[in-house]
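Taken straight from TrEMBL:
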BINDING   Glu116, Asp117, Ile118, Val119, Thr120, Thr121, Gly122, Leu123, Ser124  5-phospho-alpha-D-ribose 1-diphosphate binding site
BINDING   Thr120, Arg148  orotate binding site
DOMAIN    45-153  domain 'Phosphoribosyltransferase'
Amino acid sequence: MTNDDVLDEFRAAGALREGHFVLSSGLHSPVFLQKNLVFMRPERCERLCKALAQKIIATVGQVDVAVSPAVGGIIPGYETARHLNVPSIYVEREGGGFKFRRGFHLEPGQKVVMVEDIVTTGLSSRECIQAIKDAGGDVVAAACIVDRSGGKADVGVPLIALASLAVPAYPADALPPELAAIPIEDPGSRRLKG
Ligand SMILES: O=P(O)(O)OC[C@H]1O[C@H](OP(=O)(O)OP(=O)(O)O)[C@H](O)[C@@H]1O
Ligand SMILES: O=C(O)c1cc(=O)[nH]c(=O)[nH]1
Ligand SMILES: [Mg+2]
């Protein structure tokens, strides 16, 4: 799949949103990829994740298990794992970091691909990779549907992105006036309170 093929799936799903969004990292952006509108269609999710699985195999070969960060990573992690023919497990936010719960665990030295939905700064990916390493996994690569840093994000392992896109994102104290004038949406789960 080309970059355009991937973005066409987002466009067709109405998932390429414009407005004023505060991102997981705290940065602000005029563009948000609402991936849940893409993943809600199993056939769309399958096309993307099958292509991502093929790219993973072509880049690093077969792995033992796919691990994703909740919430956004769970569906693409599962679907990518289905095409890799490996188990799919996930980590969840608990006490500031990501933790394995629900009986999920890794065997020492298992080859892991960390599967994210979207990468912006790479912060969530790095936190997830740390949790995998703490649990004894060997992270051979990270993978995502869209890297919206345009290749700039450093997650500490090779990042296999199905599509790469350069989207502006600004610190809260450096907003362009036209962005500051729009009401803020905070669509992610990082700042959700139980
Ligand atoms: O590369 P980063 O700067 O970390 O941004 C990308 C992360 O932001 C989103 O997660 P979020 O924490 O918003 O919650 P979600 O998974 O529930 O959407 C997305 O799913 C990635 O995990
Ligand atoms: O950085 C983020 O939090 C983020 C950006 C984006 O476009 N989509 C998303 O789900 N999260
Ligand atoms: Mg996420």
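A Cβ is built for glycine as well, from the same backbone N, Cα and C atoms used for every other residue.
Here the features listed in TrEMBL are placed on the structure.
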| residue | record | DSSP (3 states) |
| --- | --- | --- |
| Glu116 | 5-phospho-alpha-D-ribose 1-diphosphate binding site | strand |
| Gly122 | 5-phospho-alpha-D-ribose 1-diphosphate binding site | coil |
| Arg148 | orotate binding site | coil |
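When the C-alpha distances from Arg148 (orotate binding site) to the binding-site residues Ile118, Gly122, Ser124 are tabulated, the minimum falls on Ile118.
When other Cβ atoms within 10 Å of the Cβ of Thr120 (5-phospho-alpha-D-ribose 1-diphosphate binding site) are tallied across all protein chains shown, the result is 23. Mean pLDDT, taken over the domain 'Phosphoribosyltransferase' (45-153), works out to 97 on the 0 to 100 scale.
Look at the binding-site residues Glu116, Gly122, Ser124, Arg148 and count other Cβ atoms within 10 Å of each Cβ; Gly122 has the fewest. DSSP labels the residues of the domain 'Phosphoribosyltransferase' (45-153) in these numbers: 39 helix, 36 strand, 34 coil. A Cβ distance below 6 Å to any atom of ligand 1 is met, among the binding-site residues Thr120, Gly122, Ser124, Arg148, by Thr120, Gly122, Ser124.
Checking the binding-site residues Glu116, Ile118, Thr120, Ser124, Arg148 for a CB within less than 6 Å of any atom of ligand 3 leaves Ser124, listed in sequence order.
Neighbour density for Ile118 (5-phospho-alpha-D-ribose 1-diphosphate binding site): within 10 A of its CB lie 25 other CB atoms from the protein chains shown. For ligand 2, the binding-site residues lying close by, meaning a CB under 6 A from one of its atoms, are Ile118, Thr120; the full candidate list was Glu116, Ile118, Thr120, Gly122, Ser124.
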